[in-house]
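Right, one structure below, let's go through it.
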């Protein structure tokens with residue numbers, strides 16, 4: 001069974017979803033979709049399906065669509081194939097003209113599953129959170145820099161005066177962390193990237209940490225609470241002297257990578273790398 005997740009805010013998404021349904025049903029593959037789309041697509045409503053029977057998820061949208069569906073349906077762990085109807089698309093990297101050849105590859109087993117690490121975090125007496133890309137501690141409505149003390153396995157690292165701090169996974173290294181000056185990590189690497197956001201001190205650079213460690217972030221400034229957000233979707237507040245704890249999650253994000261997939265080609269295309277300068 002395949003779970004199909006169109007993003008109705010993308011104009012062609014539902015039309016393409018209907019075409020995908022026809023393609024898969026003609027090959028005797030059962031399909032489910034969220035209840036609001038199931039009737040329109042004439043497939044099984046997700047609320048009536050045992051999620052353990054779902055073999056694959058297919059997302060139609062961009063990377064944001066993938067992140068939202070992971071947070072909305074945390075109990076569905078089937079590998080995910082992302083069809084790109086958005087802009088950059090590092091996670092959703094199947095182009096429109098490659099949809100049906102890619103589905104054929106999926107059906108015939110011409111793929112592998114990347115188990116990408118996730119980060120989980122918690123604050124005392126507050127619900128825990130998880131993220132595929134990153135957890136961000138941000139100054140929120142505070143109009144000035146905030147002070148964040150960072151500890152690694154309880155050992156003091158540094159106090160950063162900045163707009164905030166990004167705790168990124170390798171998947172997230174091409175997202176917010178990259179925009180803030182962080183390095184690119186290949187997606188199956190296991191590591192954290194700590195990337196300060198607009199630090200006051202130029203020498204405060206991003207740092208890559210091994211995944212087995214735990215990270216503690218203490219909010220030192222006597223200002224309004226700051227915001228802790230996971231993948232830009234869910235968030236909660238962190239008050240002065242509260243400590244946010246982050247570590248590798250026991251859960252992974254399983255992404256379908258077709259045999260034809262070339263991560264470095266994706267990097268070149270999405271980041272506009274042109275190779276050697278021609279003079």
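Heads up, residue numbers simply count up from 1 along the chain you see.
Glycine is no exception: its Cβ is also placed from the backbone N, Cα and C atoms.
As given in Swiss-Prot:
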ACT_SITE  63  active site, proton acceptor
BINDING   63, 64, 68, 133, 134, 163  NAD(+) binding site
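Locations of recorded Swiss-Prot features on the structure.
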residue	record	DSSP (3 states)
63	active site, proton acceptor	helix
68	NAD(+) binding site	helix
133	NAD(+) binding site	coil
163	NAD(+) binding site	coil
- prompt: Sorted by position, what residues of the same chain at least six away from residue 63 (active site, proton acceptor) have a C-beta under 8 A from it?
  reply: 82, 86, 88, 89, 90, 91, 92, 175
- line: Expressed in angstrom and rounded to a whole number, the NAD(+) site built from 63, 64, 68, 133, 134, 163 spans a maximum Cα-Cα distance of 25
Query: Where among the binding-site residues 64, 133, 134 do you find the Cβ with the fewest other Cβ atoms within 10 Å?
result: 64
- prompt: So among the binding-site residues 68, 163, who's got the most Cβ atoms within 10 Å?
  reply: 163
